[in-house]
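**Q** Pasting a structure here, questions to come.
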């Protein structure tokens, strides 16, 4: 068993297909270069320690206090399709005095995976840190689930670190995705599975849900080039549930009109997949994607899910690129693809304008690699661990070892 290892995985953004995907349209998600990290250290102490270093929180439990009697995992290589409700209830009792909802969710997810994948006789410390902003629709909870699941699968010998054996790597990725989905269920109840799929595999994922007229689809794609984009967090709170309900009610009132909009968004998503995976000229591809972004945003406005905070970002960024909301809308985040002609001075002025309105800005690359692993058998691990401990997360990517 490795005594110390660090795992990371990327957040995600929805490029095209928001809301329409609920009704069977194709949507396109991409990994972003903001990553979450988990350091696992095995210890001789008879306890599990979980540290959320970004918010200065630490929780610890004696191993014997965990509800091992509810663990029913017969074979880690064949995870269940849904979480063990008795185990969830037992862990919920352990966390009943945890008042902070964010901490409660993270601890429940981590403890569920720990009890399912570890041993009652092996102490561990799990330290979690993240560049992915919470509650911004960028898949922060999925990244946590993926890094915790991967760390435990590695530490207890159920998968191997990345190697030149692609078959072994693919098997490991499938197992990580399956277990991280169960971790996501602890947080979100009934997640789509897309966030943890992107956080595991990276790249792009085109997906659609099953309907009476079509089967479900999930296709992993590798773009010709990574795309540099700007994500703007408007900090405007929103209710995804209310926004989805609003589109449903609009569709009930105007079915023919809204069905046409959904079909148009489906066409945009499919066209974007072709542009990203087959377009040879990067500038030509960017301009084509820019047109799709503008069209998709207009159609989302027709569905009533935009917001004045998003409009403000659209206005501020129109001279430097193409912008649309990403995720549920109603505030939240936008994504801006810069034009090939964008000048540094224009970009700087735009960012200053957005920051003046209390937005947060993230310069990211889309379509990059998925989960990565560095272990204490790697010669550079001491430096990597030091950078992690001092939260120099931006320095770590050059060392990461990826499954894909």
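Cβ coordinates come from backbone N, Cα and C, glycine included.
As annotated by Swiss-Prot, active site, proton acceptor applies to 195, with the evidence given as similarity to another entry. As annotated by Swiss-Prot, ATP binding site applies to 12, 130, 135, 136, 137, 138, 139, 140, 141, with the evidence given as similarity to another entry. According to Swiss-Prot, the feature Mg(2+) binding site maps to 141, 184.
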**Q** State, in Å as a whole number, the widest CA to CA span among the ATP-binding residues 12, 130, 135, 136, 137, 138, 139, 140, 141 given in the record.
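**A** So the maximum pairwise Cα distance among the ATP binders is 14 Å.
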**Q** So around the ATP site, 12, 130, 135, 136, 137, 138, 139, 140, 141 aside, which residues have their CB within 8 A of the centroid of those CB atoms?
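**A** Neighbours found: 11, 132, 133, 134, 142, 143, 195.
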**Q** Quick one: what's DSSP say for residue 12 (ATP binding site), helix, strand or coil?
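**A** Where residue 12 (ATP binding site) sits, the three-state DSSP reduction gives strand.
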**Q** So which of the binding-site residues is most packed in, judged by how many other Cβ atoms lie within 10 Å of its Cβ, out of 135, 137, 139?
**A** 139
**Q** Near residue 184 (Mg(2+) binding site), which recorded positions out of 12, 135, 137, 141, 195 have their CA within 10 Å?
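**A** Within 10 Å of residue 184 (Mg(2+) binding site): 141, 195.
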**Q** Spatial neighbours of the residue listed as 'active site, proton acceptor' among the binding-site residues 12, 135, 141, defined as Cα within 10 A: which are they?
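**A** So far as Cα distances go, the binding-site residues lying within 10 Å of the residue listed as 'active site, proton acceptor' are 12, 141.
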